[in-house]
Amino acid sequence: VSAPYGLRDVDDLQIDCVTSTGQKGDVTITIPSRCGRGNTMCKDGACISVNQLCDGIAQCYDGSDEDARYCQESTRPPPSIVKVSPSIIDIQPW
């Protein structure tokens, strides 16, 4: 799994998966952060408080905390930003 534009590390990310047989399941991806609890990392590596995300004021030098791709009502990036490679992953049946 990759995210070319990065993923917000506020929470874990949950991806809904559908197998070729139509079975559905969730995969939880934990995004480790060196910034510590209650903080998130800017794309330039700086750490800011999660309360400063999408508040209309750029605290990150690169402005990534106000990126329009993430500053919407939804706190998750649009599905087209997350790419799974390989597109087929073998897992044990649920």
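These residue numbers are counts, starting from 1, taken along the chain as shown.
A Cβ is built for glycine as well, from the same backbone N, Cα and C atoms used for every other residue.
Curation plays no part in TrEMBL annotations; they are all automatic predictions.
Secondary structure at Cys35 (disulfide bond), as computed by DSSP, is coil. Taken from TrEMBL, the feature disulfide bond covers Cys35-Cys47 (among others).
Per TrEMBL, the feature disulfide bond maps to Cys42-Cys60 (among others). Cys42 (disulfide bond) falls outside any helix or strand according to DSSP and counts as coil.
Mapped onto three states, the DSSP output places Cys47 (disulfide bond) in strand. In this structure, the disulfide-bonded residues under consideration are Cys35, Cys42, Cys60, and the one with the smallest number of other Cβ atoms within 10 Å of its Cβ is Cys35.
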